Each structure stands twice: as structure tokens, then as C-alpha cells.
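Student: Quick paste of what TrEMBL says about this protein:
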type: DOMAIN; residues: 4-296; note: domain 'FAD/NAD(P)-binding'
type: BINDING; residues: E33, K41, Y45, V85, L119, D284, S325; note: FAD binding site
Amino acid sequence: MELFDVTIVGGGPAGLYSAFYSGLRNMKTKILEVQPVLGGKVNIYPEKILWDVGGQPPMQAQLFVQNLVNQANTFSPTICLNTKVEQIEKINDIFVITTNSGEVHYSKTIIVAVGGGILSPIKLEVEGAEKYEMTNLHYTILGLERFRDKKVLVSGGGNGAIDWAVELLFVAKEVVVIYRKEQLTAHESQVEKLKKHGVQIMLNAEIQSVVSNDSKTAIEKVVISQNGDTYELQVDDVLISHGYNREKSLTFADDIQPLRKDDYYLVSQGQCKTSVPGIFGAGDIISYDDKVNLLIGTFQDAVLAVNNAKKYIDPQANEYGMVSSHNEKFAEKNKELLEELFCKTETSTNSK
Ligand SMILES: Cc1cc2nc3c(=O)[nH]c(=O)nc-3n(C[C@H](O)[C@H](O)[C@H](O)COP(=O)(O)OP(=O)(O)OC[C@H]3O[C@@H](n4cnc5c(N)ncnc54)[C@H](O)[C@@H]3O)c2cc1C
């Protein structure tokens, strides 16, 4: 039986930063992630340019994930992909974690970082729509270039849909947005951008059916109902952003049920502690007053969760860790990085 100090359930931003910080605090760390890749729901929007992560230049989400994964690997945690945690129980002070394949993992503490659970996009409820998923019906943007000079219909009015519509403005020939409600619910500044570009926004509107092209391989027209009327719209591509179904996969044994909100989010008892000693939470899964689910918040949660896990294992441990970058663990790495930097500066000076 290999016993870990911390087992992190979920390899999204909260889990990845927890792994980094846990290594910094000398804890033997493991990440269990259900998907074949790390990064969590940032993988839903790989092309999006992130502007709101403190101190980071604007960068595409896929690069941000790569940076997070590299940082998480700094102290070489054990990482198990394709591993869905199904049940957590506590036996003789050790957490016993069972996965979908029947494997069992053992840990002194747990950090639950499962975000919104296992997400899958809510599909377009139109007969036969699924057969166009291989061609021009999309539930995410994987490569903006694909939409160059196309007429794209975006269905949805929340942040996800409107962020995509704004990105498409730079490549698509035309963007049309339809939304079933009276008002778009996305950030005002993004909605403003659409309006400035003269994007057609149809409210109180829904896709009623789709009409395929002659070869029946792709959607050619979309039939839209709006306020009792019906319209046909010629399209090249259809992008659906109707939210996500969430699988509440993770269960806890009866004697270690953390306090939950809405039967799902773990209610924070302060400092990312849950109501069960030894189980901590970080990122979108943890709920407290005025919580905003953003990337920056996941990092602070992760630090608190890890520091409390450390304290749980070793009550004598320094309560708040240390100013991270002053940690002596970086001394050797700093030397290497500074030498590299010095070499680069020398080479560029010599070549002038
Ligand atoms: C469309 C969209 C755009 C966004 N844009 C921004 C933005 O511009 N700026 C910003 O700051 N934030 C943005 N966010 C929010 C940000 O992505 C989240 O706050 C962040 O990803 C939360 O990280 P997390 O690690 O808590 O959860 P997640 O990213 O959800 O990661 C949780 C991980 O846990 C795994 N998991 C779940 N259940 C299990 C299980 N039982 N066993 C094993 N693994 C499991 C999941 O597969 C996933 O990898 C956006 C979110 C969305 C949906």
C-alpha cells in the first residue's frame, strides 16, 4: 500500500496549483483526473485569449494550461489520468479512494478540486442534429481558422456563447447570435463589441429544426422560431453554447459526508476546509459567500487547502507556509534559470 500525504481529485487549475504548492510544502502528492488530459474546463475554450489572470500577459487558454501543467510538475507529483474517483471513505484515519476501474488509492488528506464535476455540453434538441457533429455543428471552438470567411450562427446568450461570438468576429464573414431569452446575460463589454460590429442578435429565438445540404452531410439552413414567427437562415456553421450537463460522480461514505450546498458544492468552513477533517476543497467546487468562479481564485483556494492539509498531517508545521518564491527549494532552480538568462544576454550582445 503506497500512502500519499495529499491526493488531489481533479486536474484542473485548482488541482494543478494545489499539486505545485503541495510539492513546495514537501508533501507526497498525487493527482487523479478522469479525463485523458490535464487542465479541467479550460480545455473547453483553448483558443480564448485570457486577459484577467493577474500578472500574466494576455495569452491563449491552451498556453495557459501548458504553463499550469509545467508548474504542477515542478516537484514531480504522481499523476493518474483516465481515472475517475467514485468513492471516498475513511478507514483508521486513512482516506481510501476507489476509482471507476476498481483501483484503490490511499491518502492522509484529500483536496477535492473537481470544479463543476464531469462536464458534457448540452446538445441541440433537434431531430437528427447529431449527424452533423462531424461537419458543421459544433459545441466548442477547436481552431478559429476553421471559421474563416464563414457565416456562423451562435446559439446561446451567456458568457460562453458571447465570448465565442466576439472571437469569431475576427475571422468569420458574418456572425449571427440567437438566444431564447429576452436579454443576453453575458458581460456588458462583450455584448457591446457585438453591437458595435453590427452583429444580428435575435432574442426570444430558438432553433426549431435544421435543413441539410443535398448530400445530407452538413447543415445548410436553420429554421428559427421567434415570437411565434418562423425564419430560415442560410449558414455555413452552427455553434451551440447552451451550457453543460454535470455528472455528480463523486460520493463520500456515510460517516464522512461534507456539508454541501445545492447537493453539490462543498461549503467552505473557512480556509477551504470542509466539514470533514482531512478533506479540503479548492476551485469552483468550493462555495463561500460572494464566491466568483475565476482562475485567479483557484490559486488562492489551492494555497489555503494545501496549508491546511499540511497542518492536519503535522500540527507543528508552519501554519501559513512561506513566501513561496523565497523557498529554498528554488535556490538551485534559480541558479540554472539565471545562468540561462545570462547566456542569452551574452549571445545577443556578442551578435551585435
Ligand atoms: C466557457 C468558459 C470560459 C471561462 N473563461 C474564464 C476567463 O476568461 N477567466 C477566468 O478567470 N475564468 C474563466 N472561466 C472559469 C474557469 O475556467 C474556472 O473557474 C476554472 O477552470 C475552475 O478550475 P477548477 O480546477 O476548480 O475546476 P475545473 O476546471 O472544472 O477542473 C476540474 C477537474 O476535475 C475533474 N474531475 C471532475 N470529477 C472528477 C472525478 N470524479 N474524478 C476525477 N476527476 C474529476 C474534471 O475532469 C476537471 O479536469 C471560464 C469558464 C468557462 C466554462
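Glycine is treated like the rest: Cβ placed from N, Cα and C.
In TrEMBL, annotation is done automatically, which means it is predicted and not curated.
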Student: Listed FAD-binding residues E33, K41, Y45, V85, L119, D284, S325 - what's their greatest C-alpha to C-alpha distance in Å?
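Tutor: Taking every pair among E33, K41, Y45, V85, L119, D284, S325, the longest Cα gap is 34 Å.
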Student: In sequence order, which residues at least six apart in the same chain have a CB under 8 Å from the CB of L119 (FAD binding site)?
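Tutor: For L119 (FAD binding site), the qualifying residues are K41, I44, Y244, N245, R246, E247.
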Student: Looking at the binding-site residues E33, K41, V85, which one has the fewest other Cβ atoms within 10 Å of its own Cβ?
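Tutor: It is K41 that, of the binding-site residues E33, K41, V85, has the fewest other Cβ atoms within 10 Å.
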Student: Could you tally the C-beta atoms, other than its own, that fall within 10 angstroms of the C-beta of Y45 (FAD binding site)?
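Tutor: The Cβ of Y45 (FAD binding site) has 18 Cβ neighbours within 10 Å.
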Student: Please report the number of other Cβ atoms within 10 Å of the Cβ of D284 (FAD binding site).
Tutor: 26
Student: According to DSSP, folded down to helix, strand and coil, what is L119 (FAD binding site)?
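Tutor: In three-state terms, L119 (FAD binding site) counts as strand.
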